[in-house]
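The following features are taken from TrEMBL:
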- 46-60: compositional bias 'Basic and acidic residues' (COMPBIAS)
- 67-89: compositional bias 'Basic and acidic residues' (COMPBIAS)
- 90-102: compositional bias 'Basic residues' (COMPBIAS)
- 105-134: domain 'C3H1-type' (DOMAIN)
- 147-172: domain 'C3H1-type' (DOMAIN)
- 38-103: region 'Disordered' (REGION)
- 222-250: region 'Disordered' (REGION)
- 105-134: zinc finger (ZN_FING)
- 147-172: zinc finger (ZN_FING)
Amino acid sequence: MEKAAEGNTEKGAHVAVKGEAALRPEFITTKEKFHGFVDSEWQGSKGEKARDNGTAEEAKATCVEEPEVKKFKPDTEEGNKAGKPDSKRLRGQNKSRPHKKPTTYDEKRLCLSVIQENRECPFGDKCYFYHDIAEYMASKPADIGESCYLYDTFGKCPFGLCCRFAKAHTTPDFKTMENTDLVKAREGKIPVKNSLSKDLQYRLRKHSVAFEKSAEYLKTLSNNRDKKEQQGNEKLPSSTDKQPPVKTVGPLTDADVIKLRPCEKKQVDFRDKLYLAPLTTCGNLPFRRVCKRLGVDITCGEMAMCTNLLQGQQSEWALLKRHESEDLFGVQVEGCFPDTMTRCAELINNNTEVDFVDINSGCPIDLVYKKGGGCGLMTRTRKFEQIIKGMDYVLDVPLTVKIRTGVQEKSNMAHKLIPEMKNWGVSMITLHGRSREQRYTKLADWDYITTCSKLAGPIPLFGNGDILSYEDAMKAKETGVAGIMIARGALIKPWIFTEIKESRHWDISSGERLDILRDFSNFGLEHWGSDTRGVEKTRTFMLEWLSFMCRYIPVGLLERVPQKINERPPYYMGRNYLESLMASQNVGDWVRISEMLLGPVPKNFNFLPKHKANSYK
């Protein structure tokens, strides 16, 4: 294999481009040389070894030594169209990207009656699925690996013969094996909580779930509205109908004042903790488990729509699931009306195990904003107040709020809302230092976050925006915030939590990064399944994550440390082939990385990243 450095440009040949990270000249190359090197080495003998074995040692072509591997503690595009210049920034979402259901990758499956110990199939001859095990095994795609993570961890693989690692736990006569010792050791343990039961789903769909506390609160809103209307009428009395005010005698009722809860709310200490932001699509349970291993303190589920939760939608309830390793976990809900948000909070309070509930009033997307949710709540203060007070009334856990600086770029309004929210019952506020109009462009305004943190006391305020290194985190903490929330920084380099806690720059090797991806693939197979559907779902989420991870530039290659989040990497050669492959901004190369861990992609596989900014070449 030729040295990676041969693809590099001569010193001084690379012209610095505004917005690009500063790399050491010997590693910088051109787009054509970079892709030529990656493609040729992948198809070469050592590239084949890298794909088959998935180890950095067998894939390396080092011109510079990588750092030693750090040991972990065990765990409890195609981008630009032809003719467009590379400097063109793509923004927004790929709204017309292909959406393939996982079922499309499974042409014909084994019948459930065969999987469940040969019980009689209720569909008889009309059944579409396989009943002959030998015939199914002959048509089934080849196994991905020799060992099954689920069998090795739990002693039994629930997917049996359908598992893409079935050889590890299948006898020659197609019987599924069990490790009785492991099964007994795991007996009674529930690794994932907050699943939607069939009974609750049925009652939600039949509108038979009682929301008693919500009804009490909503009744006060109705009575207060009636009182205001009555007072308005009294201000304009009729000349023919003047009646003296009626004096009432009797005890206060819920219509006059909301009674205090008999129980004390659960107390959570948020201060000085690292908070992984609720990330739509990428902030799934397997990714949160990876971040927990790397040092994050607070995790939160992806944004869930309150109306979908109230309707019992399985896909929305999946966003509330909590792994046993998540010791401080919350869920984030989005909505724009006091009645639905209050009922949703009571539903979560009574049927899930969470440490806090977060209101999303920072979402900038049009679908949410135009109906009055997300950032729209910041401009509807009366509704916002009713939502916060209602949710706080029905919850036994703290209520938190995530906001932006405002809607328009030059019209900040968070400083006006924060003093009000303290009186409404909020336990913690997170402020993203950008407006809705900015989305994720320009730098976050940490001076404004500093001002707001002083207004928020004694309630903790977390700052969010542009943190990609421990130096960024230290500067953020100097502003006086109670803690920091990390979003894109965790997607680009999830080991940022380790860096912050150890106060150092970690020059992580490509082999260690591949191990982190391997952990994600194992957690994904456990969460989504080890059959073909589960494997391809895990692959899709891994590719979404890789569309962010490819922006990372190894510390040893930087001319100026640390890397800034708004700096795009130029084309560069890594210290070995795997590091170069991980630096690729091409979708095809992300697929190659996924093939190292999850086997070859199906013939009809297609992928386009969610965000256009992630599909540049």
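Including glycine, each Cβ sits where the backbone N, Cα and C put it.
Just so you know, TrEMBL annotations never went through curation; they're auto-generated.
Quantities reported herein were computed from a predicted structural model and do not represent experimental measurements.
Beyond the domain 'C3H1-type' (147-172), the same-chain residues lying 6 or more positions past its ends with a Cβ under 8 Å from any Cβ of the stretch are 109-110, 115, 133, 136-137, 140-141, 178-186, 522, 525-526, 529-532, 534-535, 599. Helix, strand and coil residue tallies for the zinc finger (147-172), in that order: 13 helix, 1 strand, 12 coil [DSSP]. For the zinc finger (105-134), residue counts in helix, strand and coil come to 10 helix, 2 strand, 18 coil, using DSSP.
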